[in-house]
Amino acid sequence: MEGAGGELAEDALEYTPTWIVAVVCSLIVTISLAAERCLHYLGKTLKRKRQKALFEALLKVKEELMLLGFISLLMTVSQDVIQRTCIPPSWTNYLLPCKKTEGHHAAALGGRRLLPKSVPRSDHCRNKGKVPLLSLEALHQLHIFIFVLAITHVIFSVLTMVLGGAKIRQWKHWETEIHKSDAGNGPKKLTQVQQFEFIKERFNGVGKESTLLSWMHSFVKQFYASVTKSDYATMRLGFIMTHCRGNPKFGFHRYMVRALEGDFKKVVGIRWYLWIFVVIFMLLNVNGWHTYFWISFVPLILLLAVGTKLEHVIDQLAQDVVEKHSAIEGDLVVNPSDEHFWCGKPRVILYLIHFILFQNAFEIALFFWILTTYGFNSCIMDHVPFIVPRLVIGVVIQLLCSYSTLPLYAIVTQMGTFYKKEIFDEHVQQGLLGWAQKARMRTELFKDAAAAAAGPTRHGPSSRLEMLRRAAALMQCRGAPPR
């Protein structure tokens, strides 16, 4: 023990040269400060360019980094408790990612020593004929994996938004062409419904006789020309006629981009239920089950289902028009409704996309973590026939979500019953918020009045707030009351 103790003592901080300690600390602090300054200047740039939604997404990323820091601190502080928590050796023979080999326990005890008391901690359980709940080596590797997972999710979310945003920006010229064509509108003429390009693409010949054919058409449509010019023009007009009837020049494309940026701050974070999925996936990673191979199909199936549903919503809009009209005077106008979406809530699509992106990031992060930690030929990596499909599926999900599903989500979810707050400019949103706060304060004051006056006070601020909402919509849409 003397040799071991002497070796451990020499590794301790008190026997480490001060110049080494100073150099290492300087490097860590410098890198940390540089990263913090980069995030700070990025935030200032976004605020200067009035990118409020993206700035809030950046704040969400900072929150995730703070959470990771707390997880890191908690794992470091609790490693002594974990090492002193002993369990019978037989408990470690169940649900193993890899089969144990001869001499496994001896190799485990001779692993990484993170603190000088590593050997006494191992002896604490060994003297009882037991083993630690989690070795320091395993705890260290788990620590790294959590960081890799979180960073990969943020990077993949940003990449999806960048590629999807580039696709959506290509629709800008459609908006410009529509504005120019509206300027020279002549007298309205009566047109047969079947003659509209939107109806020809979305209804005529497909889905009219068979619901199954309609769903199959929606499934295939997401892979090519998921949104055409006639789709964009029709959904844009349906939104404007429902929410901004008085302003046919309403900047629908700009509103759609602002709404998507507002949703991005929800996608970039890791919610509590996603951490639960991580724990479940790691629990099921048992040797011979090929769990991660089968799990990789989950986000792909969900992504295809989401894309099919979004395409089918457009088909349903066309079907509703055909069922109600045989001929239309003027332009074709669809009727947005929440009834077309799952559970009557367009926001369900956002939660599914969030889960898809996180699950895909989990698969990719796990692969690179195992590759750098254990090597390609390790048992935990699984066999090559199971590895290659996982990587291919990950790439397909990333590309399909970026270039098809996300743009579809951006425009189709505007076909709900209600508009989003991004329809107002930022200064209008702030004015609404300030007025609402004042209305709540007045409500509290009215509640302190006599019971006889309670009736009018309940309706006073509420009706005024509704008037303010209508006035704000009037300013934004030039005479279009919100629905």
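All residue numbers here begin at 1 and follow the chain in the order shown.
Using N, Cα and C of the backbone, Cβ positions are placed for all residues, glycine too.
Feature annotations, courtesy of TrEMBL:
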TRANSMEM  20-43  transmembrane segment
TRANSMEM  64-82  transmembrane segment
TRANSMEM  142-163  transmembrane segment
TRANSMEM  268-286  transmembrane segment
TRANSMEM  292-310  transmembrane segment
TRANSMEM  348-371  transmembrane segment
TRANSMEM  391-412  transmembrane segment
Subject >> Stretch of maximal Cβ-Cβ contact with the transmembrane segment (142-163) [cut-off: under 8 Å; candidates 64-82, 268-286, 292-310, 348-371, 391-412] >> reply: 348-371
Subject >> Within-chain partners of the transmembrane segment (292-310) [C-beta distance under 8 Å, separation at least 6 from its ends] >> reply: 215, 218-219, 222, 226, 281, 284-285, 341-342, 349, 352-353, 355-356, 359-360, 363, 366, 382, 386, 389-390, 393-394, 396-397, 400-401, 404-405, 408-409, 412
**OP:** Select the range from 20-43, 268-286, 348-371 that forms the most Cβ-Cβ pairs under 8 Å with the transmembrane segment (64-82).
**Re:** 268-286
